[in-house]
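Enquirer: For reference, TrEMBL lists these features for the protein:
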COMPBIAS  15-27  compositional bias 'Low complexity'
DOMAIN    59-161  domain 'Cadherin'
DOMAIN    162-284  domain 'Cadherin'
DOMAIN    285-395  domain 'Cadherin'
DOMAIN    406-521  domain 'Cadherin'
DOMAIN    522-641  domain 'Cadherin'
REGION    1-32  region 'Disordered'
Amino acid sequence: MGEGHQQRGAPAGKRLLFPGRRGSPRGLPGGGGAPGAQRFLLGLFMHAWLCVASGSHAQVFNLSLSVDEGLPPDTLVGDIRAGLPAAQQQEGGGFFLSEDSDDSPLLDDFHVHPDTGIIRTARCLDRERRDHYSFVAATLLGAVVQVEIRVNDVNDHSPSFPRDSLQLDVSELSPPGTAFRLPGARDPDAGLFSTQGYTLLQPSDLPEDPAGPFFQLRYGTPGSPPSSSPLEPLDLVLLRRLDREAAATHELHIEAWDGGRPRRTGHLLVELRVLDENDNPPVFEQGEYRAVVREDARPGAEVCRVRATDRDLGPNGHVRYSIRARPALWPLGDAAYFTVEELSGVVRVQRPLDREAQAWHQLVVEARDGGAEPEVATVRVSIAVLDVNDNPPAIHLLFLTEGGAARVSEGAALGDYVARVSVSDADDGTEQEEEAVGEPGVGLGRGSISLSLEGGDGAFALRSGGSPGVFFLCVEGPLDRESRDLYDLRLVATDAGSPPLSTEETLLLRVADLNDQPPLFSREHYLASVSEAAAPGTAVVWVSASDADEAGTDHARLRYALVHLPGRCNPEGVWPTAECGPSFTIDPESGVISTVRSLDREVQEAVELRVVAQDLGEPPLSATCLVSITVDDVNDNEPTFQRQVYNATLAEHTPVGHCFLQHDWQFFELLGYSKKA
């Protein structure tokens with residue numbers, strides 16, 4: 001268990017102590033008596049011995065012994081005599097012992113027999129507490145043995161970490177290759193029995209990640225100088241990016257192991273928390289939202305709710321909503337009609353809607369998280385505006401007359417088209433199939449709007465135009481402008497809403513005139529007289545005719561003309577059957593008949609005229625009347641006899657009153673006669 005060699009001289013640097021210093025005086029041969037006296041005597045003896053030995057050059061021998069730690073007490077360590085030469089080993093006598101320091105635990109940890117020099121353990125040794133002992137043993141003959149006892153290491157300690165567990169906070173944006181320093185394990189054992197390496201254990205209950213592990217261990221190279229920790233530093237190296245949203249924590253089991261057989265291990269639990277970073281944008285629950293809203297919804301009414309989630313934590317995961325403005329096709333963009341609550345994502349009506357103006361709205365709702373550099377997501381929200389019955393039907397009229405005027409010819413035949421009528425309702429967006437009611441025998445299909453015609457006294461009716469929503473206003477009875485020149489018609493369109501809405505269209509339809517009425521004189525026979533002394537151009541009589549056709553038109557505008565009837569005149573007063581020339585004319589516009597030359601009652605005392613009144617229609621219509629004019633006599637002629645001399649024979653005794661001479665004065669003015677004597 002040991003070996004020795006010889007050395008001359010006193011042991012340098014050693015202080016010799018008496019064996020009886022601690023406990024019983026077992027180091028002194030035949031020891032007994034009081035401890036104080038023994039120490040005094042032993043001290044005196046050793047001083048004397050040292051003086052002698054130093055002067056006589058005592059022999060000094062070295063003895064190296066070793067013993068494994070952890071062996072039970074009373075385990076044999078060695079024999080001090082083994083350090084002496086063989087010749088001196090048989091010499092009797094005991095040994096005096098000297099420890100290497102005042103606090104040496106030699107006599108506490110070993111039993112050294114003072115007579116035999118046998119060394120045994122006094123207790124279970126612990127190399128980690130003390131790995132070697134040294135003392136000096138001297139024989140009575142002056143031989144000195146310097147004893148070194150080395151405690152051999154055995155693998156009686158497991159590697160241990162400063163603590164059983166620790167927490168690491170690691171950002172999920174840490175790049176691969178990032179190293180995190182870990183405390184190394186300590187093993188009091190030495191050499192091969194100390195910590196030799198580390199292993200990152202994979203929990204058996206977790207499936208292997210096909211992408212590979214997230215971490216690996218990196219530590220120093222074994223075989224470093226004993227003065228340093230050979231396996232430090234110990235680093236946990238990140239191999240690939242972490243994702244807190246996939247795994248918020250990682251529980252790592254690190255094993256430290258030594259080189260014993262069997263090897264001993266120590267464990268460290270690393271609870272790694274992945275710190276959240278704003279690496280995830282908000283995600284909407286739907287790729288697109290579709291909603292409907294009534295067009296009469298009040299501002300503030302809820303339309304729908306959008307919801308986006310952000311897998312990040314804290315402010316990084318707090319989502320706020322807004323509507324992104326877009327270029328508008330209308331004066332007010334879609335975003336002007338709706339708003340979204342910032343925190344709840346509820347989309348509400350912001351201003352009154354009108355389906356007829358815009359039936360469909362598309363919004364882009366934006367979800368933004370609260371990160372320092374916020375992530376943004378968008379979603380489209382399509383909102384259909386549901387129609388409500390807030391618009392009455394509309395009636396559209398197109399007159400089929402020349403110029404598009406609201407009129408119909410009084411000569412129109414039954415069934416002739418007067419106007420095209422179409423009905424639409426803005427609530428439905430397109431023209432519907434309508435239905436005209438109230439007119440017997442008219443089938444106009446089916447639909448959600450009814451159309452009826454009122455007024456006209458049966459002169460007009462509605463008929464289907466063949467296409468949905470198209471009708472024709474037709475002549476249904478005879479028309480006579482002179483009897484009725486204006487018809488007040490009313491078209492009523494009613495939808496099928498609840499309550500129904502209706503529209504009335506009043507149609508004032510004028511009957512256009514035809515030249516179907518001839519002129520009519522106020523009298524059939526006009527009587528007039530004129531003085532024969534009247535100057536030419538003197539108005540004699542005014543004839544008047546009227547036309548029942550439309551006033552102001554050519555159909556009612558008249559022209560007058562005279563037709564002279566044959567008349568008898570006596571220019572000389574002797575030819576009673578002679579004809580006379582025209583003496584009168586008529587104004588074609590006014591119908592005033594006037595003289596065109598001087599009159600002579602004695603030539604023509606009466607004139608018969610026929611007046612023709614003709615309108616300007618096409619073809620023209622005319623009428624006639626008779627005008628009788630008497631020429632009044634004036635005293636414009638002297639009396640004349642037919643003969644200058646009249647001869648008569650008178651019988652005697654002719655009675656009084658008997659006519660004996662007759663004078664003819666037929667063609668003369670009434671004369672007064674007187675007899676001269």
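Backbone N, Cα and C define each Cβ position, glycine as well.
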Enquirer: Which of 59-161, 162-284, 285-395 shares the most C-beta pairs under 8 angstroms with the domain 'Cadherin' (406-521)?
Expert: 285-395
Enquirer: What mean pLDDT does the predicted model reach across the domain 'Cadherin' (59-161)?
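Expert: Within the domain 'Cadherin' (59-161), the model's average pLDDT equals 86.
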Enquirer: Mind checking how the domain 'Cadherin' (522-641) divides into helix, strand and coil residues in DSSP?
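Expert: Its residues fall into 0 helix, 53 strand, 67 coil.
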